[in-house]
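**Student:** This structure is in C-alpha cells; I'll ask about it shortly.
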Amino acid sequence: MKRAIGKIFRPQERPRTDGLQGETERTGPSSQSSSFNSYGPGDQFNAPGGTQNISKGSGNQYFQAPVYLGTDEPPNPSRDCLRSLAFPEMESRSHDIDAAAEGTCEWLLRHKTYTNWASCDRGLLWIKGKPGSGKSTLLRYVLNNVTAIPNIRERALILSFFFHGRGTELQKTPLGLFRSLLYQLLIQVPDALPDLVATFQQRCETVGKPGEKWQWHPCELQRFFKSSLLKVLKTRPVWLFVDALDECSPENAVELVGEFKSLLQRLPSINLKEFRICFTCRHYPILDLDGVFTIYTEEENKKDISTFVRDKLSSFRVRTSSMIPDLITERAQGVFLWAWLVVNQVLDLERKGAGSTKIDAEIRSVPQMLDDLYRELIRNMGPDSLKLIQWICFATRPLSLDELRWALVVEADCPHRSLYECQSAGDYTSDEEGMKRRVQTLSCGLAEITSDTKVVQFIHQSAHDFFVEKGLLVLDGAAGPDFLVGIAHYRLSRICIHYLAMEEIGRLATLKRNDIASEFPFLHYATTSWVAHTKESDARSVLQDDLPEYFAWPSNTLVERWARAYRILEKYSDCLPEGTSLVHVLSRYGVVGALWAILKRAGVNIDPKDSHGRTPLSWAAGSGQEAVVKLLLKKGADIDLKDRYVRTPLSYAAEQGHEAVVKLLLEKGAYIDSKSTGTYNAGQTPIIYAAERGHEAVVKLLLEKGADIDSKSEGTSDDGRVRTLLSYAAEHGHEAVVTQLLEKGVDVDWKGDWDRTPLSYAAEQGHKAVVKLLLEKGADIDSKSCIMYNFGRTPLMYADRHEAVFKLLLEKGANIDCQDQWGLTALSLAAISGKVAVMTLLLERGADLESKDNSGQTPLSKAASRGQEAVVKLLLEKRADLESRDKQGRTPLSWSAGQRVSLAATDGHEAVVKLLLEKGADIESKDNDSRTPLSWAATDGHEAVVKLLLEKGADAQSKDKSGRTPLLRVLRVTKNPYSRKEKYEAVAKLLASVT
C-alpha cells in the first residue's frame, strides 16, 4: 500500500541532530504552545474553538464556536447572552439519530431499573453498552417519551445534550455541554440566571463582544449551571439527558459523572423538587458505579434487533420466515450497528441473485467484532480511499460535501496550477449525487453525509476510532501509528497550501466577501487549517524541509495572499499584520521543524519586522513557544528588540503568563523593566502586564528576579492610565497577586493620578475577596478619587452594582452619607441607577433620606427624574418628602412629568407620575419660574403624562412668569425645525381640547 500515499507523502522522520538537541524535542502541542484558538494564553490567531491534542487524531478545532458579530438591534442582555451561548450544531446530533423502528425500545420504559429511577427523587441512570448497541437511539426514545407524558412539560424542566465525537469542537467537550444546557435554561427559566446575564453584560461593557474579544469558560458555566439548578428545583422537577458521554474523552467522561453524582448528593433533601439524570456511555472508561442505576443494552435489546432485522428484510426474497433474520440477530451479540452492516450486505447479495445457502455462509463468515468487520470491509481500499479516510479522520473540523469535493481533487504534488485545471481533471465530481456515491464507494459504506448540514462523517464513532487506532495501519502499515497520523496531517497541510497557491485565489480582491464561499468552497478551510495540520505533522517528527519550497521562500507572495484571504474571511479574528513573513508565522505557531528548515540556510534575517514592528521572537514569546524561543536565541535573535509600541518579547510573554518563556528570556539577559508606550499601555512593564492578567507564577518569578515593585503606568492625565501595579491586580480581582504584592510591602493605598486607590478599583468591579483582603491590610475605606476626573467618589459609591461588596463595605464602616463633587451621596447615586437592593441596605443603616446634592435635589427627585418606579415606591414607603424642592423650586412630580429625553428611561415616566399623584403630590406645584408639572410635560412632548395630568384635574390655563400657558409653550416648540412635530402636535391637540 505504499503507493497509496505516493512519493511526496512519504516524508522522512526528522532526525535528532546534535545542534538542535533540546530545542526541538517535545511531546507535541500543548494548550500553551498551540495558540491557534481563543482559549489558551498567547496571541490568538483563529476564532474560538479550542485545541484537541489527543491521540485519536481529531486534530485542532479552530473555528467551531460562533463569533457574535452584533446587529443593529437595540441591546437586550438576555437575548444577547443567549446568542453568546448558542452554536449552530447544538441540536444537530439529536436530529441526526434515526427514530427507533416500530416496536423497538419499548422494553426500557417497563424495565424495573428504569421505573425505579423515574420514580425516585434523586437518581442517576447509566444506559451502558457496546459501541453500536443502540444507546443513542434508546436515549432519543426515552427523551421523546418523557416529553410526551401529559402535562410533564408544564411542570418539569427537561434538558438534554448529545455528545458527538465526530462533530465539531463544541459537540464533544464540556464547554459545549454547559453552553447548551444554560441556553435551554435561559430560554425556559430566564429568572434562574440573573448572575449569568449580569456577568455577560458586564463583560461586554468592559471587554467587548463575546466570540470576538472573550469566550465563555467551561468552569464558570458549570458554576452558573449549579446555582441556577438550585433555583429551578425550588419550583420544578428537572430531567437531564446526556448521550454518548464517552465521546467527550475518557477524562472528561469520568469528571462529568463525578460532577453529576456530586450534584445529586449535595442537593438538600427537603424543599426541592425531583432531579434525575440519565446518560449513555460505553463500558469504558471505567466509571464509579456506587449509587448509580445501570441498564446494559446488549442484555436487553435482542428482541429489538430481531424486529429491526425482520423489518429491513421484509420486502425482499429473503423472507422473515427464513433462518436468515434469526442468524443475523444471534450473531449481532447485542450490537445494532453490526446487524445494520450485515443486513446491507445481505440485501446486496440478494440483489445480485445469491440464494439462502450462499447468504447464510456469507453471514457466518462475517467477523462478529466490529473492528474485525471494519478490517474486512476495507481490505480492498485503494489510494483514493486512504485520502478520504485521512480527511474524515484528521480534518480540523468536519468537511462539507462541497469542501470535500475540492479536498479530494487537489493533491500536494498534482501538476495543476489553477482550479480550472483541477475541475477539468477526470477525478472531479461536480454533482451532489455523484459525490455522495463517491463517498459511499471510497469509504466502503463507512461514511455518510448528514441530512441537514451536508457534512461528511463516519457512520459511527467506532468507525472513527478504528481507523485512527488500527485502520491506517491496515491501509498503510509502513510506519508506526503515531507517525502515520503525522503523515496524514502532512498531506492535508500541503493540499491546503497548494489550494491557496492556485491562480484563482490570487484574484480574491475582485470578489465580494459573500461571493467567496460559493466560488471557493474549500478556501475557508485551507486558510484556517494549513497551520494546524503542519503543526500536528511537525509534532510527530515528520520532516518539514519542503515547506519553504511550497511557499517559494524567500518570496513572501503566498504568505501575503494567505493573510489577505484570512482578513477577508475572518474579519473579527486576530489576523496577521501586514509584512508578516513565513518566519513570523512558523515562530508564532511553534512549527519548529519547518522553522529550522529555513534558519539553517545561509543569509536568513533572524529579526524581520512586520507592520507592528514585531519580530519572530516577539511572536514566539507571546505565544509561549519555548522551543522556538530557544532556537531563535541560539541563532542570534535580538532579545530586547522593541516593536512600534516599544514592547519587548519579555513583555508579551509576561502578559500571556508563559512562565517558562519568561524564565528563559530572563536567563538570557532580557531587560526586566522595559516600558511600553501607547495610548492605553504607556509605561507598563512586564510585571504590570503579568499582574493585570493575574499570572501569579510569572509575577512571583519577576519579583524574585528583581522587577521594580514600584512600577506604574505613565499614561497622560486625561486617559486615566497612570496606575500602580497593585491597582491593576486589584481591579481584575487577582487575589493571589494582590497578596504577593502586599507581602512585598506595597502601599495598600498607593494612588494613581486620578487619586483612585486599589480598593476603589476592586470595589467597582465587584471583587469581594480582594476588597476584604485590602481592608484587612488597612486600606482607607473612604478614600476619594480625583474631583476633576472622577468626581471625588468613595469605594462605596463605586460598588453600587455589586450588592455583596457594597454590604461588606457598610459592615466595615464606610461613610454612608459621604458626598461627591456634585453633592451626591451613595443613596442618590443608587436612586439614579435604580439599585433598590443597595438603597435598602443604606436605608437600613440610617442613610439620610432627604440629603440634597449641589442642585438641591433629594434622592426622590433623582429617582423620579429617571423614571425609577421601584425606587420611588421604596422612598415613599420610607416617608420621603413628596414636596421637597430643589434650587429651581422643582418637586419630584415636576421632574417626573418633564425631563430631557436624553435622561429619560421612558418618555414622561407615566408610571412614576401616577404613583406620586396617588400619594398626594401637589399637581399644581410651581417652580421658581411658576411652571407646573403640566407645563414641563407639555414642553417635553410627553403625551401620556399630559393626558394623565389633565385627567387628574391639572390647570391647562396656568401661566408661568413669562405669561405662557402649557399650550403656548408647545406651539413655540413646534416652530423649531429640529423638533419631532408629530409628537408635539398630539400634545397640542390634547391641550386645545380643554382650553
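Every residue, even glycine, has its Cβ placed from backbone N, Cα and C.
So TrEMBL has the following annotated:
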COMPBIAS  27-38  compositional bias 'Polar residues'
DOMAIN    34-65  domain 'NACHT-NTPase sigma'
DOMAIN    103-282  domain 'Nephrocystin 3-like N-terminal'
REGION    1-57  region 'Disordered'
REPEAT    612-644  repeat 'ANK'
REPEAT    645-677  repeat 'ANK'
REPEAT    682-714  repeat 'ANK'
REPEAT    721-753  repeat 'ANK'
REPEAT    754-786  repeat 'ANK'
REPEAT    822-854  repeat 'ANK'
REPEAT    855-887  repeat 'ANK'
REPEAT    896-928  repeat 'ANK'
REPEAT    929-961  repeat 'ANK'
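Mind mapping these onto the model and telling me what they sit next to?
**Tutor:** If you average pLDDT over the repeat 'ANK' (612-644) in this model, you get 97.
For the repeat 'ANK' (645-677), the residues of the chain that approach it from at least six positions outside its boundaries are 32, 41-43, 612-613, 615, 617-626, 629-630, 633, 639, 683-687, 689-690, 692-693, 695, 697-698, 701-702, 705-708, 711, 714, judged by C-beta separation under 8 angstroms.
Long-range contacts of the repeat 'ANK' (682-714) within its own chain (CB-CB distance under 8 A, at least 6 residues past either end) are made by residues 648, 650-651, 653-659, 662-663, 666, 672-676, 721-726, 728-729, 731-734, 736-737, 740-741, 744-746, 752.
Counting residues 6+ beyond its ends, the repeat 'ANK' (721-753) has Cβ neighbours under 8 Å at 679-683, 687-688, 690-696, 699-700, 703, 709-715, 759, 761-762, 764-765, 767, 769-770, 773-774, 777-780, 783, 786 in the same chain.
Note on the repeat 'ANK' (754-786): residues 206, 720, 722, 724, 726-727, 729-735, 738-739, 742, 748, 792-796, 798-799, 801-802, 804-805, 808-809, 812-815, 818, 820 of its chain, located 6 or more positions outside it, place their CB under 8 angstroms from a CB of the stretch.
Sequence-distant neighbours of the repeat 'ANK' (822-854) (same chain, 6+ residues past either end, Cβ-Cβ under 8 Å): 791, 794, 796-797, 800-801, 803, 806-807, 810, 816, 860, 862-863, 866, 868, 870-871, 874-875, 878-881, 884, 886.
Secondary structure of the repeat 'ANK' (855-887), assigned with DSSP and counted as helix (H, G, I), strand (E, B) and coil, comes to 16 helix, 0 strand, 17 coil.
Listed as Cβ neighbours of the repeat 'ANK' (929-961) (distance under 8 Å, sequence separation of 6 or more from its ends, same chain) are residues 888-891, 893-894, 896-901, 907-910, 913-914, 917, 923, 967, 969-970, 973, 979-980, 983-984, 986-987, 990-991, 994-995.
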